[in-house]
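For reference, the structure is listed below as C-alpha coordinates.
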Amino acid sequence: MEFSCSAAKNMPLNKSARLNVEINRILSSKPVRLVPKITRICIVLNRSFHLTPIQVLITITMYNPKNTDLERDYFPSYHTIRFQDQTAPNLSVQDNFVQLTVKQGKDLTDKQAIKVDHFRYGGQDDRQIVDAFYNDSTSESSPLFVYVHGGYWQMLDITHSCSMVGPLVRRGYRVAVMDYNLCPQVTLHQLMQEFTNFLNWIFEYAEKANITEIHFAGHSAGGHMLAQILNAHEVVTPERRRTIRSLIFMCGVYDLRELWSLENVNPSNILGLNADKAVALSPILWNYTDAKSWSFTKFHVMAAEHESMTFIEQSRVFSQVLENAGFPTNFKLMQRYDHFDIIEETASDDSAIAKYLQEILKL
(Lines of atoms letter the chains of each structure in order from A and count residues from 1; the text may use other names and numbers.)
(Lines give C-alpha, C1' and ligand atoms only; values in the text may rest on other atoms or scores of the structure.)
Protein backbone atom coordinates (compact mmCIF):
# COMPACT_ATOMS: atom_id res chain seq x y z
CA MET A 1 0.00 0.00 0.00
CA GLU A 2 1.29 3.47 -0.88
CA PHE A 3 -0.26 6.67 0.36
CA SER A 4 -0.07 10.17 -1.13
CA CYS A 5 -1.43 12.77 1.23
CA SER A 6 -3.57 15.35 -0.56
CA ALA A 7 -2.75 17.90 2.13
CA ALA A 8 0.92 17.49 1.29
CA LYS A 9 0.23 19.10 -2.07
CA ASN A 10 -0.20 22.33 -0.17
CA MET A 11 3.25 22.26 1.42
CA PRO A 12 6.72 23.19 0.20
CA LEU A 13 8.17 20.32 -1.82
CA ASN A 14 10.78 19.24 0.74
CA LYS A 15 8.29 19.21 3.62
CA SER A 16 5.67 17.51 1.44
CA ALA A 17 8.12 14.75 0.52
CA ARG A 18 9.12 14.21 4.15
CA LEU A 19 5.47 14.01 5.23
CA ASN A 20 4.58 11.44 2.58
CA VAL A 21 7.68 9.42 3.47
CA GLU A 22 6.70 9.42 7.14
CA ILE A 23 3.11 8.38 6.41
CA ASN A 24 4.18 5.59 4.06
CA ARG A 25 6.69 4.42 6.68
CA ILE A 26 3.79 4.10 9.13
CA LEU A 27 1.73 2.13 6.60
CA SER A 28 4.56 -0.30 5.88
CA SER A 29 5.48 -0.85 9.52
CA LYS A 30 4.42 -3.67 11.79
CA PRO A 31 1.93 -4.64 13.12
CA VAL A 32 -0.19 -4.86 9.97
CA ARG A 33 -3.46 -3.86 11.65
CA LEU A 34 -4.84 -0.78 9.88
CA VAL A 35 -6.65 1.02 12.71
CA PRO A 36 -3.51 1.80 14.77
CA LYS A 37 -1.81 2.99 11.61
CA ILE A 38 -4.65 5.35 10.74
CA THR A 39 -4.50 6.68 14.31
CA ARG A 40 -0.80 7.40 13.92
CA ILE A 41 -1.43 9.08 10.54
CA CYS A 42 -4.07 11.28 12.19
CA ILE A 43 -1.50 12.33 14.80
CA VAL A 44 0.99 13.22 12.04
CA LEU A 45 -1.56 15.26 10.10
CA ASN A 46 -2.76 17.00 13.25
CA ARG A 47 0.80 17.90 14.18
CA SER A 48 1.65 19.16 10.69
CA PHE A 49 -1.60 20.95 9.82
CA HIS A 50 -3.51 21.27 13.11
CA LEU A 51 -6.42 19.45 11.47
CA THR A 52 -9.41 18.18 13.44
CA PRO A 53 -10.31 14.46 13.18
CA ILE A 54 -13.06 15.12 10.60
CA GLN A 55 -10.68 17.26 8.55
CA VAL A 56 -8.08 14.48 8.72
CA LEU A 57 -10.69 12.08 7.35
CA ILE A 58 -11.44 14.50 4.50
CA THR A 59 -7.73 14.77 3.71
CA ILE A 60 -7.30 10.99 3.54
CA THR A 61 -10.42 10.13 1.54
CA MET A 62 -11.42 13.35 -0.29
CA TYR A 63 -14.96 13.02 -1.70
CA ASN A 64 -15.31 10.46 -4.46
CA PRO A 65 -12.63 7.74 -4.26
CA LYS A 66 -14.16 5.92 -7.26
CA ASN A 67 -14.01 8.98 -9.49
CA THR A 68 -12.25 8.59 -12.85
CA ASP A 69 -12.99 12.04 -14.27
CA LEU A 70 -12.44 14.78 -11.72
CA GLU A 71 -13.32 17.63 -14.07
CA ARG A 72 -16.68 16.01 -14.84
CA ASP A 73 -17.31 15.61 -11.10
CA TYR A 74 -16.89 19.36 -10.66
CA PHE A 75 -19.30 20.23 -13.51
CA PRO A 76 -22.86 19.97 -12.11
CA SER A 77 -24.47 20.20 -15.55
CA TYR A 78 -23.20 16.72 -16.46
CA HIS A 79 -25.27 15.14 -13.69
CA THR A 80 -28.78 16.30 -14.56
CA ILE A 81 -31.30 13.70 -15.69
CA ARG A 82 -33.29 16.33 -17.59
CA PHE A 83 -32.95 17.15 -21.30
CA GLN A 84 -31.76 13.65 -22.10
CA ASP A 85 -33.46 13.91 -25.51
CA GLN A 86 -31.10 16.74 -26.43
CA THR A 87 -27.73 16.29 -28.13
CA ALA A 88 -25.90 17.87 -25.19
CA PRO A 89 -28.03 17.74 -22.01
CA ASN A 90 -25.29 19.48 -20.01
CA LEU A 91 -25.53 22.54 -22.28
CA SER A 92 -29.31 22.44 -22.49
CA VAL A 93 -29.71 22.51 -18.70
CA GLN A 94 -27.48 25.56 -18.49
CA ASP A 95 -29.26 27.38 -21.32
CA ASN A 96 -32.63 26.63 -19.71
CA PHE A 97 -31.41 27.98 -16.37
CA VAL A 98 -30.21 31.25 -17.91
CA GLN A 99 -33.38 31.85 -19.93
CA LEU A 100 -35.82 30.81 -17.22
CA THR A 101 -34.23 32.73 -14.35
CA VAL A 102 -34.04 35.93 -16.41
CA LYS A 103 -37.76 35.59 -17.20
CA GLN A 104 -38.58 34.90 -13.56
CA GLY A 105 -36.74 38.07 -12.56
CA LYS A 106 -38.56 40.22 -15.13
CA ASP A 107 -41.94 38.83 -14.11
CA LEU A 108 -41.48 40.17 -10.58
CA THR A 109 -41.93 43.80 -11.62
CA ASP A 110 -43.92 43.21 -14.83
CA LYS A 111 -46.58 40.82 -13.51
CA GLN A 112 -46.36 40.49 -9.73
CA ALA A 113 -46.48 44.12 -8.56
CA ILE A 114 -43.15 43.72 -6.79
CA LYS A 115 -40.96 46.80 -6.52
CA VAL A 116 -37.19 47.02 -6.42
CA ASP A 117 -34.67 49.52 -5.09
CA HIS A 118 -31.13 49.56 -6.46
CA PHE A 119 -28.14 50.11 -4.18
CA ARG A 120 -24.38 49.98 -4.35
CA TYR A 121 -22.31 48.47 -1.54
CA GLY A 122 -18.92 49.32 -3.04
CA GLY A 123 -17.04 50.29 -6.16
CA GLN A 124 -18.34 52.60 -8.88
CA ASP A 125 -18.80 51.17 -12.37
CA ASP A 126 -18.71 47.49 -11.42
CA ARG A 127 -20.96 44.72 -10.12
CA GLN A 128 -20.94 45.60 -6.41
CA ILE A 129 -24.67 46.20 -6.36
CA VAL A 130 -27.72 45.06 -4.38
CA ASP A 131 -31.35 44.91 -5.44
CA ALA A 132 -33.92 45.03 -2.63
CA PHE A 133 -37.39 43.69 -3.49
CA TYR A 134 -40.67 44.42 -1.67
CA ASN A 135 -44.34 45.16 -2.31
CA ASP A 136 -46.88 47.61 -0.94
CA SER A 137 -47.52 45.50 2.16
CA THR A 138 -43.83 45.19 3.10
CA SER A 139 -43.01 47.24 6.18
CA GLU A 140 -39.67 48.95 6.60
CA SER A 141 -38.71 46.58 9.41
CA SER A 142 -39.97 43.39 7.73
CA PRO A 143 -37.62 40.41 8.04
CA LEU A 144 -34.83 40.39 5.49
CA PHE A 145 -33.79 37.49 3.23
CA VAL A 146 -30.40 37.83 1.51
CA TYR A 147 -29.40 35.73 -1.50
CA VAL A 148 -25.95 35.14 -3.03
CA HIS A 149 -25.88 33.62 -6.52
CA GLY A 150 -23.47 31.03 -7.90
CA GLY A 151 -21.60 30.63 -11.18
CA TYR A 152 -18.16 29.35 -10.13
CA TRP A 153 -17.19 32.94 -9.22
CA GLN A 154 -16.87 33.68 -12.97
CA MET A 155 -20.38 33.53 -14.48
CA LEU A 156 -23.97 34.77 -14.03
CA ASP A 157 -25.18 38.00 -12.48
CA ILE A 158 -28.06 39.54 -10.60
CA THR A 159 -30.49 39.04 -13.53
CA HIS A 160 -30.20 35.25 -13.02
CA SER A 161 -30.64 35.46 -9.25
CA CYS A 162 -34.21 36.49 -8.42
CA SER A 163 -36.15 33.23 -8.72
CA MET A 164 -36.99 32.93 -5.03
CA VAL A 165 -38.01 36.57 -4.58
CA GLY A 166 -41.73 36.31 -5.36
CA PRO A 167 -42.85 33.68 -2.83
CA LEU A 168 -40.84 35.35 -0.06
CA VAL A 169 -42.09 38.89 -0.72
CA ARG A 170 -45.67 37.61 -0.83
CA ARG A 171 -45.07 36.16 2.63
CA GLY A 172 -43.90 39.41 4.18
CA TYR A 173 -40.15 39.36 3.52
CA ARG A 174 -37.93 42.00 2.02
CA VAL A 175 -35.44 40.20 -0.24
CA ALA A 176 -31.95 41.52 -1.03
CA VAL A 177 -30.11 39.98 -3.98
CA MET A 178 -26.44 40.87 -4.20
CA ASP A 179 -24.13 40.84 -7.20
CA TYR A 180 -20.34 40.83 -7.24
CA ASN A 181 -17.33 41.24 -9.49
CA LEU A 182 -16.38 38.09 -11.35
CA CYS A 183 -13.01 36.47 -11.80
CA PRO A 184 -10.62 37.33 -13.44
CA GLN A 185 -11.61 40.97 -12.86
CA VAL A 186 -10.81 40.10 -9.25
CA THR A 187 -9.10 37.13 -7.67
CA LEU A 188 -11.14 34.84 -5.45
CA HIS A 189 -9.26 36.21 -2.43
CA GLN A 190 -10.27 39.75 -3.41
CA LEU A 191 -13.84 38.61 -4.04
CA MET A 192 -14.07 37.26 -0.50
CA GLN A 193 -13.00 40.67 0.77
CA GLU A 194 -15.68 42.28 -1.40
CA PHE A 195 -18.21 39.94 0.16
CA THR A 196 -17.04 40.95 3.62
CA ASN A 197 -17.64 44.58 2.63
CA PHE A 198 -21.10 43.59 1.44
CA LEU A 199 -21.83 41.97 4.78
CA ASN A 200 -21.00 45.20 6.56
CA TRP A 201 -23.25 47.11 4.15
CA ILE A 202 -26.22 44.76 4.55
CA PHE A 203 -26.02 44.86 8.34
CA GLU A 204 -25.91 48.66 8.28
CA TYR A 205 -28.91 48.63 5.90
CA ALA A 206 -30.81 46.39 8.33
CA GLU A 207 -29.82 48.46 11.35
CA LYS A 208 -31.05 51.68 9.77
CA ALA A 209 -34.44 50.05 9.11
CA ASN A 210 -34.60 48.44 12.57
CA ILE A 211 -34.68 44.98 10.99
CA THR A 212 -34.09 42.38 13.69
CA GLU A 213 -34.48 39.16 11.68
CA ILE A 214 -32.16 38.25 8.79
CA HIS A 215 -31.79 35.05 6.77
CA PHE A 216 -28.94 34.37 4.34
CA ALA A 217 -28.82 31.85 1.49
CA GLY A 218 -26.09 31.09 -1.02
CA HIS A 219 -26.13 28.70 -3.97
CA SER A 220 -23.11 26.89 -5.45
CA ALA A 221 -20.19 29.36 -5.42
CA GLY A 222 -22.53 31.65 -3.49
CA GLY A 223 -22.67 28.99 -0.77
CA HIS A 224 -18.89 29.07 -0.59
CA MET A 225 -18.91 32.86 -0.33
CA LEU A 226 -21.63 32.79 2.33
CA ALA A 227 -19.34 30.75 4.58
CA GLN A 228 -17.24 33.91 4.88
CA ILE A 229 -19.90 35.18 7.27
CA LEU A 230 -18.38 32.77 9.81
CA ASN A 231 -14.89 34.14 9.16
CA ALA A 232 -15.52 37.89 9.12
CA HIS A 233 -15.39 38.39 12.88
CA GLU A 234 -14.77 42.15 12.84
CA VAL A 235 -17.85 42.76 10.68
CA VAL A 236 -20.18 40.03 11.93
CA THR A 237 -20.01 40.93 15.59
CA PRO A 238 -21.77 38.96 18.34
CA GLU A 239 -24.48 41.66 18.39
CA ARG A 240 -25.10 41.28 14.66
CA ARG A 241 -25.11 37.49 14.90
CA ARG A 242 -28.14 37.73 17.19
CA THR A 243 -30.18 39.02 14.21
CA ILE A 244 -29.26 36.10 11.93
CA ARG A 245 -31.96 33.45 12.15
CA SER A 246 -30.71 31.07 9.48
CA LEU A 247 -27.79 30.40 7.14
CA ILE A 248 -28.81 28.30 4.14
CA PHE A 249 -26.06 26.68 2.08
CA MET A 250 -27.41 25.29 -1.21
CA CYS A 251 -25.33 22.89 -3.33
CA GLY A 252 -22.10 24.65 -2.46
CA VAL A 253 -18.44 23.86 -2.94
CA TYR A 254 -16.47 24.19 0.29
CA ASP A 255 -13.11 22.56 -0.43
CA LEU A 256 -11.02 24.04 -3.26
CA ARG A 257 -8.01 21.72 -3.06
CA GLU A 258 -9.10 19.53 -5.95
CA LEU A 259 -10.77 22.05 -8.21
CA TRP A 260 -8.25 24.89 -8.28
CA SER A 261 -5.90 23.04 -10.64
CA LEU A 262 -8.64 21.84 -13.04
CA GLU A 263 -8.31 23.78 -16.28
CA ASN A 264 -12.00 23.51 -17.19
CA VAL A 265 -13.05 24.84 -13.79
CA ASN A 266 -10.28 27.40 -13.34
CA PRO A 267 -9.09 28.21 -16.89
CA SER A 268 -5.70 29.93 -16.96
CA ASN A 269 -6.08 30.21 -13.17
CA ILE A 270 -8.57 33.06 -13.41
CA LEU A 271 -9.39 32.49 -9.73
CA GLY A 272 -5.84 33.48 -8.80
CA LEU A 273 -5.23 30.39 -6.68
CA ASN A 274 -2.32 28.20 -5.75
CA ALA A 275 -2.21 25.24 -3.38
CA ASP A 276 -1.79 27.39 -0.27
CA LYS A 277 -4.55 29.82 -1.24
CA ALA A 278 -6.89 26.94 -2.06
CA VAL A 279 -6.47 25.66 1.50
CA ALA A 280 -6.90 29.13 3.01
CA LEU A 281 -10.13 29.70 1.06
CA SER A 282 -11.69 26.30 1.83
CA PRO A 283 -14.42 26.67 4.51
CA ILE A 284 -14.29 22.93 5.23
CA LEU A 285 -10.76 23.44 6.58
CA TRP A 286 -11.39 26.57 8.64
CA ASN A 287 -11.11 26.46 12.41
CA TYR A 288 -14.43 27.38 14.02
CA THR A 289 -14.17 28.24 17.70
CA ASP A 290 -17.06 30.62 18.45
CA ALA A 291 -20.18 28.50 17.94
CA LYS A 292 -21.70 29.68 21.24
CA SER A 293 -22.11 33.19 19.86
CA TRP A 294 -24.25 31.77 17.03
CA SER A 295 -26.90 30.28 19.29
CA PHE A 296 -29.69 32.32 17.63
CA THR A 297 -28.86 30.91 14.17
CA LYS A 298 -29.91 27.64 12.54
CA PHE A 299 -27.59 26.21 9.89
CA HIS A 300 -29.01 24.39 6.88
CA VAL A 301 -26.82 22.62 4.33
CA MET A 302 -28.48 21.01 1.35
CA ALA A 303 -27.43 19.12 -1.76
CA ALA A 304 -29.40 18.00 -4.80
CA GLU A 305 -29.97 14.33 -5.56
CA HIS A 306 -28.82 14.65 -9.17
CA GLU A 307 -25.37 16.06 -8.55
CA SER A 308 -21.98 14.40 -8.54
CA MET A 309 -20.85 12.40 -5.53
CA THR A 310 -18.17 15.04 -4.99
CA PHE A 311 -20.71 17.86 -4.69
CA ILE A 312 -23.04 15.86 -2.47
CA GLU A 313 -20.24 14.74 -0.17
CA GLN A 314 -18.73 18.22 0.09
CA SER A 315 -22.09 19.45 1.40
CA ARG A 316 -22.48 16.49 3.72
CA VAL A 317 -18.97 16.85 5.14
CA PHE A 318 -19.31 20.64 5.48
CA SER A 319 -22.44 20.09 7.55
CA GLN A 320 -20.50 17.61 9.71
CA VAL A 321 -17.68 20.11 10.20
CA LEU A 322 -20.19 22.76 11.31
CA GLU A 323 -22.02 20.35 13.61
CA ASN A 324 -18.79 19.11 15.18
CA ALA A 325 -17.78 22.72 15.79
CA GLY A 326 -20.97 23.22 17.79
CA PHE A 327 -23.26 24.92 15.27
CA PRO A 328 -26.87 23.63 15.18
CA THR A 329 -26.76 22.17 11.68
CA ASN A 330 -29.18 20.22 9.50
CA PHE A 331 -28.18 18.43 6.29
CA LYS A 332 -30.79 17.59 3.67
CA LEU A 333 -30.47 15.84 0.31
CA MET A 334 -33.21 17.31 -1.88
CA GLN A 335 -34.73 14.44 -3.83
CA ARG A 336 -35.27 14.66 -7.62
CA TYR A 337 -33.54 18.04 -7.91
CA ASP A 338 -30.37 18.87 -9.80
CA HIS A 339 -27.97 21.78 -9.34
CA PHE A 340 -30.14 24.09 -11.45
CA ASP A 341 -33.84 23.36 -10.93
CA ILE A 342 -33.30 23.56 -7.17
CA ILE A 343 -33.10 27.31 -7.83
CA GLU A 344 -35.53 27.50 -10.76
CA GLU A 345 -38.35 25.96 -8.70
CA THR A 346 -37.97 28.39 -5.81
CA ALA A 347 -40.14 30.69 -7.95
CA SER A 348 -43.13 28.34 -7.51
CA ASP A 349 -44.93 28.73 -4.19
CA ASP A 350 -45.90 25.05 -4.08
CA SER A 351 -42.62 23.43 -5.14
CA ALA A 352 -40.77 21.14 -2.74
CA ILE A 353 -37.82 23.51 -2.45
CA ALA A 354 -40.05 26.56 -1.87
CA LYS A 355 -41.95 24.69 0.84
CA TYR A 356 -38.68 23.62 2.46
CA LEU A 357 -37.48 27.23 2.53
CA GLN A 358 -40.82 28.24 4.04
CA GLU A 359 -40.34 25.53 6.68
CA ILE A 360 -36.92 26.92 7.54
CA LEU A 361 -38.36 30.42 7.78
CA LYS A 362 -41.33 29.10 9.80
CA LEU A 363 -43.83 30.55 7.30
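The first residue you see is number 1, and the count goes up from there.
Even glycines carry a Cβ here, placed using N, Cα and C.
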Practice task
State the residue range annotated as motif 'HGGXW' by TrEMBL; the candidates are 149-153, 184-188, 189-193.
Solution key: 149-153
Handout entry: Long-range neighbours of the motif 'HGGXW' (149-153), counting only residues six or more past its ends (CB under 8 A)
Key = 160-161, 177, 179, 182-183, 188, 191, 218-225, 251-252, 265, 271
Completion exercise
Taking only the CA atoms, the spacing between E307 (active site) and S220 (active site, nucleophile), expressed in whole angstrom, is 11
Practice task
Quick one: pull the CA-CA distance for S220 (active site, nucleophile) versus H339 (active site), whole Å only.
Solution key: 8
Handout entry: Structural state census, the motif 'HGGXW' (149-153) (DSSP three-state)
Key = 0 helix, 0 strand, 5 coil
